[in-house]
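Asker: Here's a structure for you.
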Amino acid sequence: MRKPITLILVVALALVLLATSEVSAYRACGFPGRRCSPTEECCEGLVCQPRKNGPSMCYRPDP
């Protein structure tokens, strides 16, 4: 009787892990407000802005 419940839980866990890995792959570039470094690029259309009193951040430049 317990096998179907266990199977459902395992499948649900696998789907959650797959979904989170997809999101992290999508977020591989720096989105607005994310810290950036010379090795980590910001997303398309964003630039890495060094700040005096903190880490560099990605931001959308004014047109």
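Here, residue 1 is simply the first one shown, and the rest follow in order.
Positions of Cβ are set from backbone N, Cα and C atoms, glycine also.
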Asker: Going by Swiss-Prot, which one of Cys29, Cys58 is joined to Cys43 by a disulfide bond?
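Answerer: According to the record, the bonded cysteine is Cys29.
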Asker: With every protein chain in view, how many other Cβ atoms are within 10 Å of the Cβ of Cys42 (disulfide bond)?
Answerer: 20
Asker: Measuring Cα to Cα, how many angstrom lie between Cys29 (disulfide bond) and Cys42 (disulfide bond)?
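Answerer: Cys29 (disulfide bond) to Cys42 (disulfide bond), Cα-Cα distance: 5 Å.
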